[in-house]
Every structure is written in structure tokens, then in C-alpha cells.
Amino acid sequence: MTNIRKSHPLIKIVNDALIDLPAPSNISSWWNFGSLLGVCLAVQILTGLFLAMHYTSDTATAFNSVTHICRDVNYGWLLRYLHANGASMFFICLYLHVGRGLYYGSYTYTETWNVGIILLFAVMATAFKGYVLPWGQKSFWGATVITNLLSAIPYIGTDLVEWIWGGFSVDKATLTRFFAFHFLLPFIIAAMVMVHLLFLHETGSNNPTGIPSYFDMIPFHPYYTIKDILGFFLMLMALLMLVLFSPDLLGDPDNYIPANPLNTPPHIKPEWYFLFAYAILRSIPNKLGGVLALVLSILILMIVPILHTSKQRSMTFRPLSQCLFWLLVADLLTLTWIGGQPVEHPYIIIGQLASILYFSIILLLMPLTSLMENHLLKW
């Protein structure tokens, strides 16, 4: 008789994805971040669900409801800080996951890669909407500034912004709809994760060498289940250390001041995980140009598979491309730093140079270096 896990219609799906799935024998810890992102999403949905039970999406009571959660709800402080810092953990894992894909050439699985980029956009949209909900100063002014960027769209811009706001400024209608979308999007993300995995399992995983591993596969369980569980423990330990020892380390003290439309904070900046894109936005002195650069800074990942000129898939055996990759990482860290600084000399010019370098590396230097490596290897 066939084992139930191989014959039952539902259990069979789980079996093919988590138990009997053939996986390359040499995938490193960089392949752990996919499962870690799944854990992050689960943590965010669970903590968010319990927070939503006590939160009120009304401008008059939103700030006080968050205070009430922290002070009066059993372990409400823990839920709130797990959710806030869980978002930071989510983005750390996301950026490492995308970085792994770039380094090892996983983007050659174009369907998986493109669904992943749509997921990245969806997570960014969700995080932005979530940041507005506590209705502090940074929430209100962040929502005002970022939604206002859409007014740069020619002809329909102003109407579009007022349509999103539900009025002539960020107000009660805006907060209510942002809460609705912030609640809805994670479930759409969860569905898209399934599509992401569906496309991945069509091709199988890549591996550090970039060479097909059809002849050297091992079952996912127990080898990679135990490896993933170790990753879960390490990540959750890091998250709990952050939440229990310094919960406000990555936040902004201005958000403990209730939203006041009559008082603009001296420096309006997003959470740390958006600073690199914010720096690119600010580096162009034209509003529409800045918005286009902001969108393209993420959208550019979509054309990375087209720009792949190397005869090798992975960067493992390509030292010149490796140097460029780490230059790109350093450049993104520089942009993150610049995004948090005021708009004054020398930060303006550093931001502009870092932005030019970012697009140059991806569009020009990487493809040319790959061609040069092909030539050096006489390919």
C-alpha cells in the first residue's frame, strides 16, 4: 500500500514541496533566507492579527489605541514591538535573499525572479502603510510626503493623490483605507509566495556553483528541514534580543509625538529599510525625475536577467564580478546612510554620486565585466 503522504491529494502537495523534494547537496546558508522570510510573514500576520483586535483606525483614537495596547493589553507591548521589529527583520532577510539571487545568478529563473520582485514591491507597500497606522508625527508626515510624490505624474497626478487621500489632505479617510489595505496585503503576499514556490519547484533550486545539480540531489527532509529550523531559531533569537533589549533602536522617537498637521518635523525620513531608495529620490532635483529614479531603483532588478552576459551563471568563479557586487553592496550602504542625513553639503553630492554608481554598476559595469571575463577565459 502506498504511503499516505504520497497518495493523499493534500498531503501529497506538502510532501512534494517539503519532504521528498530533491534539493542540491551543496546549497549553503544563503539558501536559508527563503524559509526565514516565510517565518517572518507568519510572525507578522499573527502579531498583526492580535494588534488589529485592539487597534482603532480613527485619527482621534489611533495613537491612543496603540498606547493602550502597550500599557493595558496582556503582552501588548510584546506584540507591538515584535510586529515593528519583525518588519525590520523581514527586510534584512529580503535584501539578503535578493543579494543571494544576484550573486549566484538565481535570476536566470525569470518567472521565480519576477514574482519575487512583485513580492518585494508588495512588502514595501505593506510596510509603508503599516508605518502610517500609529498616527505619530513620522506616520503623518511620511504619509503626506510619500503619497504627494504621485502628484509628479503629469496631468492626473493631483487628482490621483486626492483620490488616494480621500480628501484634500491626509486625514481620517486616509488612515481608514491604509489600515484596510495593510490588513489585506499580507494575505495577498502569502498567496503570491505560493506562486513564487510553484515556479521555483518547476526548475528546482540553484546552487553556489551555478552548475546544474541533477545528478547530485538529496531529499529536502531531513537535511534541509533541520538546517531551516536552525535558521529559524537563530533569527527568532536575534529578533527577541532586539525586541526585549532595545525595541526602539530602529524606530524614530518622533513617532511617540501624536500627529500634528500644523507642526512639520525638521527631518522627514522613512524607516531605515527605505533610506537607500529615499536617497536616490532626493539625489535628483526634479520631482518627476526623482520619482522615476525611485521606482526604477527596484524595477531595474526585472531587467537583470536580460543584462546577464556571462557564460557562467554564478559569481563563485568570477573574481572581477565579485568585486563589483561588493562595490554595489557598499554603495547601497552608503545610500542608506545618506538617506538619513539632512539635505546639505556634502551629503547632497555623495548621494548623487552613489545614485549614479548604483545604476552604472547594474546597467553598464556588470555586463561589461562579464564580457571581459568571458574573453579572459577564451569563451
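We count from 1, first residue shown onward.
Yeah, the Cβs are placed from backbone N, Cα and C, and that goes for glycine too.
The annotation transmembrane segment is assigned in Swiss-Prot to 33-53, 77-98, 113-133, 178-198, 226-246, 288-308, 320-340, 347-367. The heme b b562 binding site annotation in Swiss-Prot covers His83, His182, and the record cites similarity to another entry as its basis. The heme b b566 binding site annotation in Swiss-Prot covers His97, His196, and the record cites similarity to another entry as its basis. Residues annotated as ubiquinone binding site in Swiss-Prot: His201.
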Could you measure between His83 (heme b b562 binding site) and His201 (ubiquinone binding site) for me? Cα positions, answer in whole angstrom.
30
How about the transmembrane segment (77-98) and the transmembrane segment (320-340): do they have 3 or more C-beta pairs under 8 A, pairs 6 or more apart in sequence?
no
Can you tell me which of 113-133, 178-198, 347-367 gets the most C-beta pairs within less than 8 Å of the transmembrane segment (33-53)?
178-198
Close approaches to the transmembrane segment (288-308) from elsewhere in its chain (Cβ under 8 angstroms; 6 or more beyond its ends)
98, 102, 105, 107-108, 110, 113-114, 117, 120-121, 124, 149-150, 152-154, 276-278, 280-282, 355, 358-359, 362-363, 366-367, 370
Other C-beta atoms that fall within 10 angstroms of the C-beta of His97 (heme b b566 binding site)
20
Rounded Cα distance, in Å, between His196 (heme b b566 binding site) and His182 (heme b b562 binding site) is 21
Min neighbour Cβ count (10 Å) across binding-site residues His83, His182, His196, His201 flags His201
Quick one: pull the CA-CA distance for His182 (heme b b562 binding site) versus His97 (heme b b566 binding site), whole Å only.
23
Using C-alpha atoms only, work out the spacing between His201 (ubiquinone binding site) and His97 (heme b b566 binding site) and round it to an integer in Å.
17
